[in-house]
């Protein structure tokens with residue numbers, strides 16, 4: 001907002017209610033203008049007509065809470081206000097300059113003598129053109145900082161166009177800043193929106209020509225920016241298209257893996273039904289799995305997900321086979337131990353303990369039998385030797 005933005009860097013804590021009324025109804029204000037004009041020259045014949053246009057701008061919005069503006073930003077704001085001819089002089093100038101502005105020849109003679117006003121306007125416009133061309137050259141070297149300030153100053157100018165001020169047709173000389181930001185060309189200029197109530201025809205013609213030249217230059221700059229934005233959108237679209245092309249084969253491969261997993265689920269039921277032919281069926285299933293894997297390698301490229309699933313399935317098959325073989329070995333061991341041979345519900349720990357005891361007892365029996373065998377062999381040797389002695393004696 002131009003009013004609040006111009007006041008923000010001066011005082012943050014001013015009250016909203018302290019703003020004066022926006023129409024002059026008192027006689028004190030009329031005396032003030034009358035007194036100011038009386039110091040320089042007699043009142044002009046247009047004084048009564050001019051009283052009808054004594055209006056302040058529309059009321060400002062809430063006080064701004066922005067940070068304090070630097071000197072460069074203040075100069076940018078003043079140059080923007082001068083470029084749009086919208087902001088009232090009392091909000092951007094001090095008290096001394098406001099008095100000199102009231103004494104200006106443009107105000108005194110704007111209704112009747114158009115020659116002096118036209119000369120004054122041409123002088124101001126020529127100075128403003130020179131400053132704008134110098135500022136645009138500096139803007140080309142520092143485009144990044146100007147883009148940040150452009151959005152801020154664009155909001156200021158758009159909200160400024162909503163204010164109605166009779167002083168918009170009276171430009172006044174102020175120190176121009178070294179910078180000037182561009183405004184969107186799609187928005188019409190404020191001077192064209194508010195008709196010049198008290199300016200001469202020559203002054204309005206010069207202002208309109210000046211604004212047309214500025215609009216053409218700003219349109220060229222905006223066209224360059226539009227080209228950049230179109231290229232960025234095309235890059236984003238290309239990246240989006242390239243991202244959307246890749247995940248489709250992964251989904252197809254995952255569906256293929258899920259169907260292949262379903263084929264493995266049929267084998268365990270046959271294993272439990274007929275344990276005698278488990279190894280034969282496991283070998284046949286492993287051969288069929290290897291054939292399926294070879295066919296898939298030939299038809300489609302393997303991905304990391306499919307390889308992990310194949311490894312997982314192979315591990316599950318081998319683990320199931322190992323458990324079945326272990327169970328069969330426990331059953332065979334249980335049948336060999338007399339203590340638990342008839343106990344079908346014997347636990348694996350009980351089977352192992354009984355098997356250990358049975359082994360120890362069998363080892364003792366073996367040693368005892370070996371000692372008996374040795375005794376019998378010696379006895380047989382003695383008997384053979386005695387038999388030979390008896391034969392030799394006869």
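Residue 1 is the first one shown; counting continues down the chain.
Any Cβ shown, glycine's included, is placed from N, Cα and C.
The feature O-linked glycosylation site is assigned by Swiss-Prot to 58.
Annotation comment: Swiss-Prot describes 76-84 as motif '9aaTAD', evidence class similarity to another entry.
As annotated by Swiss-Prot, domain 'bHLH' applies to 310-362.
Mean model confidence for the region 'Leucine-zipper' (369-390) is a pLDDT of 95. For 369-390, the entry in Swiss-Prot reads region 'Leucine-zipper'.
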DSSP-assigned states of the region 'Leucine-zipper' (369-390) in counts, ordered helix, strand, coil: 22 helix, 0 strand, 0 coil
